[in-house]
Amino acid sequence: MKENYCLQAALVCLSMLYHSQALALERRNHLRPPFHGHHEKGKEGQVLQRSKRGWVWNQFFVIEEYTGPDPVLVGRLHSDIDSGDGNIKYILSGEGAGTIFVIDDKSGNIHATKTLDREERAQYTLMAQAVDRDTNRPLEPPSEFIVKVQDINDNPPEFLHETYHANVPERSNVGTSVIQVTASDADDPTYGNSAKLVYSILEGQPYFSVEAQTGIIRTALPNMDREAKEEYHVVIQAKDMGGHMGGLSGTTKVTITLTDVNDNPPKFPQSVYQMSISEAAVPGEEVGRVKAKDPDIGENGLVTYNIVDGDGAELFEITTDYETQEGVVKLKKPVDFETKRAYSLKVEAANVHIDPKFISNGPFKDTVTVKIAVEDADEPPMFLAPSYIHEVQENAAAGTVVGRVHAKDPDAANSPIRYSIDRHTDLDRFFTINPEDGFIKTTKPLDREETAWLNISVFAAEIHNRHQEAKVPVAIRILDVNDNAPKFADHYEGFICESDQTKPLSNQPIVTVSADDQDDTANGPRFIFSLPPEIIHNPNFTVRDNRDNTAGVYARRGGFSRQKQDFYLLPIVISDGGIPPMSSTNTLTIKVCGCDVNGALLSCNAEAYILNAGLSTGALIAILACIVILLVIVVLFVTLRRQKKEPLIVFEEEDVRENIITYDDEGGGEEDTEAFDIATLQNPDGINGFIPRKDIKPEYQYMPRPGLRPAPNSVDVDDFINTRIQEADNDPTAPPYDSIQIYGYEGRGSVAGSLSSLESATTDSDLDYDYLQNWGPRFKKLADLYGSKDTFDDDS
């Protein structure tokens, strides 16, 4: 810092000296005495005189960051016409005039009153003028000049970033470019060396270097190993003044990371791995894991595992767990402790991605020996066969031996075995098994025609450990015996046309029949058809065996008539080819039918002849129609009889009221309730409190009297209107009709109850109305009325 202050002071002195010399030179070269010009001839011989300015200057300089006690002298303005008597006043205007720059109006000296910074503003443009002090009359034309701020080295270099991050592959060659850092200086690059920068490395040697002019960082050592050191911290300095003493400097930090390359092969940490597996393990079960270490990372550290040799290569397999980079040894096939108790594997670990640049560091793989011991386990019994097929004849007696299953304990202990049948597969319990020797027997006769095959499952379990059991399927075939006689394959029915005796017989069969047998084919066809021995010489029909399991039925005669016999029953004996053979007698129905001349059937009903002797079809239809009409008449009569009008209201003992009957009609007394509907008296709430008006229109038509109608041509309006009013009053058929207004309901919720005389007139109860005397003046009339009645009754 002291060096910087000394340097600045020296620069200020040099600047002041420079300015004083420049001012003297400027005054000597540019400030001239007034020159009154020369004469020129103008128009009409007029002589024009041009005056020349008496003072001229170029530009002034002022050093930045001046911190002296007095204002710094920038320069002096002086006119040749200034004789020093004080009559001339100098005026300064423009940028910063009066604030930054001030002028002595007598001497013309210009001073800077504030510290200037070139980085904020490099120059100022001002205007100077000399005027008469008394009249302010310009004595010289205004002149413009520039004040430039001269730069000093007051800004240190600054990097674009405070910190940088860069990557470079490990084992890179010397001089490999890593990153370029750049700094900038706010000083004037055109003046001196204030902005000339030089880069150097302060920290990070001897691993890295930096180019002084460009700021490019390069590797300085070969074979830098990421596995040894991955990250480096480098400090770079930028210094101005070309790096010379007294220059300002700035620094930045660069973090350089070595990226990985595949320069390390995988290595197993041990030469032998010991593992074990139970003989009860199933294929796919994990045996153990091995892992080869590779210091590389990412894809450079990926390792794959393979079995390359060993006596267990067919029984075991290895896969790669890429998340943990481990080799997983798994069981490929079941192992048996009693057969072999140990296996050996040779496992190889190799890199997936190999960099050709470092192939000389290889080979990039390693091998290890894996020894696997087989552990003994309590295994379930094993059947000698994976499945069994046995046969038994149908209808065999209960207890017949079907076959045997056999299992043994594979363990060295050779535990005894106990057998049982899975009853879920033998719900009908057709079979039983001997638990000791495994013999399967029937429990009931079997029918092949119901089920030809039966499938069951048999368990074999160790006696001392019931949880150790095995299961085997057993298929049992039911052998057929000839226990079913053949019968017609379908419901057959024959038809023969009635004819006379002279008509020749047809060679075509009446019907062809076949048979069906539920037994197996060995005990079924060939079928033999014949007539029973007792009717072997049947005069009407015969049976011919076609020797293809079918037979034809033929007529032996003609002249069949429906009037004599409309159908025939023909028994047919069917025998099968089983040993011993089975036979059955089946009955065939042969109907006698009417046919046309071509032999086509018309009708096979015998009733056709009976109907001809009686009524025809049309007559029967007519009789049925008459019966239907009579039934309809009876139904209508009964319906009309039931349409008798019923009373509109039913009186009860506790609901006795008077009936209001329409006038113009003689009523039948209190019991006549058919004249109008008083249902609203019983349930006034059923119509939401609204008591309707019921208009009753008379049932007969009123004929007006001729004498009341005025003449058509009458002009007496009063007579006409009175006549119309009289007609309307006397006409019961004209509205408004007589109306029934209902007053039987007096509300609800009264503590005194109903005061209606309708009910009290017909009741036999003797009520006490003395309490009416206490109800006040409003009920005095009622109290006197009912009180007098009671008194009258007592007197009588």
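Each Cβ is built from the backbone N, Cα and C atoms, and glycine gets one as well.
What TrEMBL records for 1-22 is signal peptide.
Confidence for the domain 'Cadherin' (79-159), expressed as mean pLDDT, is 82. Under the heading domain 'Cadherin', TrEMBL lists 79-159 (among others).
According to TrEMBL, the feature domain 'Cadherin' maps to 160-268 (among others).
What TrEMBL lists as domain 'Cadherin' is 269-383 (among others).
Per TrEMBL, the feature domain 'Cadherin' maps to 384-488 (among others).
Summarising the annotation, TrEMBL assigns domain 'Cadherin' to 488-609 (among others).
What TrEMBL lists as transmembrane segment is 619-640.
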Beyond the flanks of the transmembrane segment (619-640) by 6 or more, those residues with Cβ under 8 Å of it: none
Secondary structure content of the domain 'Cadherin' (269-383), with strand meaning DSSP E or B: 10 helix, 55 strand, 50 coil
The domain 'Cadherin' (384-488), counted residue by residue under DSSP: helix, strand, coil: 3 helix, 47 strand, 55 coil
